[in-house]
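Per Swiss-Prot, the features are as follows:
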{"type": "TOPO_DOM", "residues": "1-10", "note": "topological domain 'Cytoplasmic'"}
{"type": "TRANSMEM", "residues": "11-31", "note": "transmembrane segment"}
{"type": "TOPO_DOM", "residues": "32-35", "note": "topological domain 'Lumenal'"}
{"type": "TRANSMEM", "residues": "36-56", "note": "transmembrane segment"}
{"type": "TOPO_DOM", "residues": "57-67", "note": "topological domain 'Cytoplasmic'"}
{"type": "TRANSMEM", "residues": "68-88", "note": "transmembrane segment"}
{"type": "TRANSMEM", "residues": "90-110", "note": "transmembrane segment"}
{"type": "TOPO_DOM", "residues": "111-143", "note": "topological domain 'Cytoplasmic'"}
Amino acid sequence: MSVIPPKFFKIANISIGCIDIIAALSQLTYIFTNLNVFLLAVYGLALSVPIVYLEFKVPSNLYRYASFYFSFLGRGLSYILLSLIISFGGIYNILAGMFTFILGVAFIVFHFSQFVEEPANFRAPGSSLSIGDDDIDDDDDMI
């Protein structure tokens, strides 16, 4: 069903997370000159650190509190928001923001595409169904 291998999503998420962490760290240097950019960098770090962390370990409570990280639409919208947050500063931040924006739009397109299956880390460990899963067990009769 999926033309895109699952390793692509892992590499894309790790690279976008690392690029955005570096961009947010470079914005932290604006603490004395521009407080608004500094605060945007703090929000940028808060959004980009979980992107990298979720590729290695998925905490069980995060499905309940930050479910937008576990769908293409939610992740795409968060990437677009993150691209707007980190795009202040030098040329590196602008390029990182553009790359993040393009990947966010691509993830939104993947959400509405029928041919891309969601990666394994998007599925909750205890749930039998997830978004786009058509394998429903209808053999159980409800009383």
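Including glycine, each Cβ sits where the backbone N, Cα and C put it.
From a predicted model like this one, the values you see are computed outputs, not experimental measurements.
Long-range Cβ contacts of the transmembrane segment (11-31) within its own chain (Cβ-Cβ under 8 Å, at least 6 residues beyond either end) map to 37-38, 40-42, 44-45, 47-49, 51-52, 54-55, 75, 79, 82, 85-86, 88-90, 92-93, 96-97, 99-100, 103. Outside the topological domain 'Cytoplasmic' (1-10), and at least 6 residues removed from its termini, the chain residues within Cβ reach (under 8 Å) are 55, 110, 115-117, 119-120. Taking the topological domain 'Cytoplasmic' (111-143) as a whole, pLDDT averages 65 in the prediction. Counted with DSSP, the topological domain 'Lumenal' (32-35) comes out as 1 helix, 0 strand, 3 coil.
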